[in-house]
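Asker: Just lifted these from TrEMBL, have a look:
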type     : residues : note
TRANSMEM : 22-42    : transmembrane segment
DOMAIN   : 33-274   : domain 'G-protein coupled receptors family 1 profile'
TRANSMEM : 49-68    : transmembrane segment
TRANSMEM : 102-128  : transmembrane segment
TRANSMEM : 140-162  : transmembrane segment
TRANSMEM : 168-192  : transmembrane segment
TRANSMEM : 213-235  : transmembrane segment
TRANSMEM : 255-276  : transmembrane segment
């Protein structure tokens, strides 16, 4: 808020304010949709597969992002109404907790997408050995490592966020991981195209290949949506840390609330992609809502 107030003094760009009703509506929708995804996967035993467990991890990350913005806005409203008094130590601890939740959501999303991309890669190019390579137990171990690492990193980054040595690696990690996933996808599509030509005469393998490529296309959509929704906020963090007094940076930071809304929109869009692209999930949702066997 201090940076935002200062920004108004050095730039002609007016602060863009998103109504609180919009924040809470979008956040509630994101939490509810991802909760439905988790319930559907838990209830349907046919979905108890490594791929869907990685999807659960992504859904939890999306829920944390929506929950972070919801709690942050609740605390701001309580402070403005006078129900919550600001005290130095308490405010700092609360701010660190909120920052930690935000970073956990971001890191969880990045590594969940990376795990999904690796799973699709193995499915496409090591189809016959997939169940030996990616066992359920191994998938759970991978998820445990991801969340332990993300949890520890989020706490460390939140506590030392004022240090440039902490902010720089965090912001570099985002484009680095995205570039790695993008390279994996490009490599996957190029090899898949080559394989498709070689097995064109085998109908069963072709159908299997198309099915796997459909999954790869779905995950490419996830990646595109993730970049569009999270990149503006990550850029805001960089500008706020390294050039808060620059008029151009201040002008960009005037749309802070819009960037926060985009994060929550990601939590709404992802479950829609799940439901639209997965026949199993669509079937599970029909049984859940229609109470059919």
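Residue positions begin at 1 at the first shown residue.
Placement of Cβ uses the backbone N, Cα and C atoms for every residue, glycine included.
Help me picture where these features are in the structure shown.
Answerer: Among residues of the same chain six or more beyond the transmembrane segment (22-42), those with a C-beta under 8 A of the stretch's C-beta atoms are 48, 52-53, 55-56, 59-60, 62-63, 65-67, 69-70, 73, 257, 260-261, 264-268, 270-272, 274-275, 281, 284-285, 288.
Counting residues 6+ beyond its ends, the transmembrane segment (49-68) has Cβ neighbours under 8 Å at 26-28, 30-31, 34-35, 37-38, 41, 98, 101-102, 104-106, 108-109, 112-113, 115-116, 119-120, 123, 134-136, 138-140, 143, 146-147, 215, 222, 263-264, 266-267, 270-271, 274 in the same chain.
Non-local neighbours of the transmembrane segment (140-162) in the same chain are 53-54, 57, 96-97, 99-101, 103-104, 107-108, 111-112, 115, 170; each lies 6+ residues outside the stretch with a CB under 8 Å from one of its CB atoms.
Residues 4, 16-18, 22-23, 26-27, 29-31, 33-34, 36-37, 55, 58-59, 62-63, 65-66, 69, 105, 109, 218, 221-222, 225-226, 228-230, 232-233, 236, 282, 285 of the same chain lie 6 or more positions beyond the ends of the transmembrane segment (255-276) yet place their CB under 8 Å from a CB of it.
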